[in-house]
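K.L.:
Before I ask anything, here is the structure I am working with.
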Amino acid sequence: MYRRQRYGLYKHWDIILIDIILFQISFIMAYMIRHGLRLPYKNSDYNTIAVMLVLTDLCLAIIGKGYSKILKRGYYKELRACIKRTSIIIAIIVLYMFIVKRSYIYSREVILTMWYLDICLGFLARIVWKLCLRYRRRKAKLRAARSVLLMTSKAAAENIIENFNKRQYRDFYISGIVTSDSNDIGEYIRGVPIVSDFCGMYEYVKTNVIDEIFISFDNKGMPAEWVVEKFLEAGITVHTNISGFQIPACQNIVETFSGYTVITSSINMATMKDMIIKRIFDLAVSIVGIAVMIAATVIVAPVIFIQSPGAIFFSQIRVGRNGRKFKIYKFRTMYLDAEERKRELTDQNRIKDGMMFKVENDPRIFPFGHIMRKFSIDEIPQFINVLKGDMSLVGTRPPTVDEYEKYDLVHKSRLAIKPGITGMWQVKGRSSILDFEDVVKLDNEYIRNWSIGLDLHIIFETFKVVIFGKGAM
């Protein structure tokens, strides 16, 4: 029976527990430095802080990605991670103090000392604990580690063993090699003996301690199904390397799709947790945004109507995720005959391939429209689209239907997610970027590296761009 590897939060429960305990120790030490040899838990106000430290730490561990690939980090990256984690938790605690209007009760010296102590203790503890884990895994080979038999070609064996050895925290060891293309039994490859060829492998497995078998061949050399079945009948777990199938470089997972076991590939894969967080954030911000839109309408509507009598709002069919069409909403910034006059301005389009339409000092825009565009006021009604689910707060720019019809297949990659009110393109240059291929590159950069943290970074950068009207046309 195969014991599946632990993933997610549970995988690093030991480090999370150490972090929580050390934060409490740092809290106690900081309090004692300021108030003498007394425990902070006897003070009701500081007792609340102690509880909040635990809850905030747990929430950050669940929502954030601070423990992702923690075992692979070097000293510098680990120190950065410790500073980031501690600073976020302290910032939340300080924010709570101001919200409840009791900041005057708490000593700034205690907070700052706690911040410094937790970074130091947390960093040292993580380094020491990882060294302990590494030592335990090395010793495990002599005790309870899983014995894995490598079945591959002699040419590939050295590279595979080298890759295994790079994983210092693995809980298995390679006990032997079965080669498909040689009979060099007794020879060693990186310290691991060749123990059999195909002809004698069943006898070897029957007479030796083998917990699992790792099979790695190219497509032509892949062993027949009955070979795997034979090992499974013996109760031995078999891992079949699928990298030989020449799958393009992207993110791949093995899963069940309507009854079929498949390799699923995508340019990025988001967890359900991340998507739920993103949607909740979109809903919360869009509700506030719609309230802002209502207030803004009272101010901008009379000006729009005076400069260009007609509708206050502008709607247009745009193309969203994977080609879905939806109606986008904006404050109107152009005269009513803007679409008819667009044909007359084709020669002035600064995007020469026509994949987008950008004209400098566009005469179709009335004076107040230029101001609204410069500070992105015209885009406030798009919070309606975010609330409906057609758009997200952060995403890619939704093309018009005529722009979309000019796309090559490679361009459609930028529509792999919901379009957004803001995005990488907007914060990296906005309308000053005049090459559509650069827009596609930025959008793909966002999609391939998407995370909640990246969204927050883009939102922060958007405020800077909007305030200074950078890149507006």
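Using the three backbone atoms N, Cα and C, a Cβ is placed for every residue, glycine included.
Grabbed the feature section from TrEMBL, which reads as follows:
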DOMAIN    278-467  domain 'Bacterial sugar transferase'
TRANSMEM  12-34  transmembrane segment
TRANSMEM  46-67  transmembrane segment
TRANSMEM  88-107  transmembrane segment
TRANSMEM  113-133  transmembrane segment
TRANSMEM  280-305  transmembrane segment
K.L.:
Taking 88-107, 113-133, 280-305 as candidates, which has the most Cβ pairs under 8 Å with the transmembrane segment (46-67)?
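P.N.:
The listed stretch sharing the most Cβ pairs with the transmembrane segment (46-67) is 88-107.
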K.L.:
Considering only Cβ pairs under 8 Å, which range in 88-107, 113-133, 280-305 makes the most contacts with the transmembrane segment (12-34)?
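P.N.:
Ranked by Cβ pairs under 8 Å, first place goes to 113-133.
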K.L.:
Same chain only, please: residues at least 6 beyond the ends of the transmembrane segment (113-133) with a C-beta under 8 Å from a C-beta of the stretch. Say none if there are none.
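P.N.:
Residues 14-15, 18-19, 22-23, 25-27, 29-30, 33-34, 70-71, 75, 78-79, 82-83, 85-87, 90, 169.
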K.L.:
Can you tell me the mean pLDDT for the domain 'Bacterial sugar transferase' (278-467)?
P.N.:
87
